[in-house]
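> So Swiss-Prot says this about it:
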DOMAIN    7-187  domain 'Josephin'
ACT_SITE  Cys20  active site, nucleophile
ACT_SITE  His126  active site, proton acceptor
COMPBIAS  183-194  compositional bias 'Polar residues'
COMPBIAS  221-232  compositional bias 'Polar residues'
Amino acid sequence: MERTSNGGMLYHEVQESNLCAVHCVNTVLQGPFFSEFDLAAVAADLDGKERQVMLEGAAVGGFAPGDFLAEESHNVSLGGDFSIQVLQKALEVWDLQVIPLNCPDAEPAQIDPELESAFICHLHDHWFCIRKVNGEWYNFDSLLAAPQHLSKFYLSAFLDSLKGAGWSIFIVKGNFPQECPMSSSSEASNSFGQWLSPEDAERIRKNTSSGSSARNKRSNDNVNQQRRNQALSREEVQAFSEMEDDDLKAAIAASLLDASAAEANLGAVGTSEKETEKQK
């Protein structure tokens, strides 16, 4: 049976700027172990090693060293997004290994993800972690106000939906830290980390969902009212068009009637004139 860690509490970080990679690493470790400066240092170290390899290759291939020194970092973007290599190196400090879910070594996890302890998910510039804590699975996406509990059945469905949407998924393997002293964690959390009981996390999510539902209801009501107005406008236009058609038909009929009457009157006048001439 898995031992309860951190007194049964969940560690969650809410999105701050573009620091989702930092949030992802810390929620994998379940504690504020890394800051953005720590990951930036890891990225700089990787950049230095990569440039050294490129310089050595330049000497063999006849390229100028300046061709590579001007290269931008491939491990951290100007917006603060870190590469998977940075996350891998950071987790290696804790003797954890990161491997792609679609590689042959990960076949058991593909069949039964419940066997694992953590997944890292990445799409475009966003990272988040799915983690088993005290025997229960949670989605620690930093865009969420609190961790989202995932049932064992829903875990597989959720991972499949992410893969179908184009997300890259990695497994984290190794011996995860069991305890993170909360006294020191509050100092290192940079104000975006929080410890929550599973009950508190559920309560926060329900309150957030209720607020979102109310906003969505108001938005939907507005959309529905706009649609009703548009439908009413279309009906009015159609009725007006039909009215115009009826009026046009009536006007044409009246015009034809007037023309017939005029012709009849004209014919009567002509006949009367002829009879007058005969009498003369």
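Keep in mind that glycine also has a Cβ here, set from the backbone N, Cα and C atoms.
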> How many Å lie between the Cα of the residue listed as 'active site, nucleophile' and the Cα of the residue listed as 'active site, proton acceptor'?
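The separation of the Cα atoms works out to 6 Å.
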> Excluding near sequence neighbours, so keeping only residues 6 or more apart in the same chain, what lies with its CB under 8 A of the residue listed as 'active site, proton acceptor'?
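In sequence order, Cys20, Leu143 meet the Cβ cut-off.
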